[in-house]
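> What follows is a single structure, and I will ask about it in a moment.
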Ligand SMILES: NC(=O)c1ccc[n+]([C@@H]2O[C@H](COP(=O)([O-])OP(=O)(O)OC[C@H]3O[C@@H](n4cnc5c(N)ncnc54)[C@H](OP(=O)(O)O)[C@@H]3O)[C@@H](O)[C@H]2O)c1
């Protein structure tokens, strides 16, 4: 395992973690246990994935079975869009820690920069009669961050970060923060390499985590009938001829090539899999080196903004939120 060192705390974050989006509780419990047995030590979850409790069960069992301790693990979870306000941070963190059955998380991220009003019975977004999401126009990142800093001081969060924030939003938090953002988790893969944002993060000692590092092939099923998505949004990165050719040259798989390409550029990767075969495959990425011309041809796959899959426009009306972070396709 290799590690990234986090600013300000010096904590070590494994550069390979297990993603858990789209992994239902009954499946993820045994998957996490298997992954820990295989050597994974970093798990990425979120309130919105509805699987924190199952992940907590697996970790608890693994520790009870004498296979390791809590300190060996790096657990990330995220403050949801429906809790993106100062007055809700403690409520959600408490609930998430109790579901995870832990006293602390290693990393807590604000999941998205915008916020929705929360249905207090279901803890899901309020949706209006016209299908639009009920935006909380009062979202205030600085106030939310201050409460997260307090929770960090109390020891319930070890490190703080952001997800899906743009550069201006991160800068604003840095200006007001006592503990600056240590990690940024964003969509990042060969089709969407985020060079400018990564340079900004490197200059500011922020570790970048790539979500959807394989191009999120499973997102297609999830989004295909949703508002504002069409099948063209999901190019097949794993099936790209150049990626396949590089893989066969090294006796590796396309997924291993795509992950190796990112970790060797100091990017943390969190591929999701619930298959034991692919868990093993995704873990076995450090024993080969891409040649400079191979790295260049992978760099050339970058489509810039055109490679983005996760623009969140499936939440109807989200682009009207003052903190919506991306430029809206088609807008001038
Ligand atoms: N912060 C955010 O807003 C955000 C957004 C999206 C994702 N994330 C996080 O990032 C993680 C990774 O992103 P992701 O799940 O969207 O996409 P991903 O990791 O790029 O791709 C996962 C998909 O690829 C398949 N897969 C995994 N390993 C494979 C392999 N070796 N060969 C072929 N197919 C393989 C998986 O299926 P099987 O399970 O069947 O193997 C799954 O369908 C998420 O799980 C989540 O933890 C965060």
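Easy rule for this one: first residue shown is 1, then count along the chain.
Placed from the backbone N, Cα and C atoms, the Cβ positions cover glycine too.
TrEMBL feature annotations, pasted as is:
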DOMAIN    16-302  domain 'NADP-dependent oxidoreductase'
ACT_SITE  49  active site, proton donor
SITE      78  site 'Lowers pKa of active site Tyr'
BINDING   111  substrate binding site
> Provide, as an integer number of angstrom, the distance between the C-alpha atoms of residue 78 (site 'Lowers pKa of active site Tyr') and the residue listed as 'substrate binding site'.
5
> In whole Å, how far does the CA atom of residue 111 (substrate binding site) lie from that of residue 49 (active site, proton donor)?
11
> Here the recorded positions are 78, 111; which one has the lowest number of other Cβ atoms no more than 10 Å from its Cβ?
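Least crowded of the recorded positions 78, 111, by Cβ count within 10 Å, is 111.
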> Suppose we draw a 10 Å sphere around the Cβ of the residue listed as 'active site, proton donor'. How many other Cβ atoms does it contain, all chains included?
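That number is 22.
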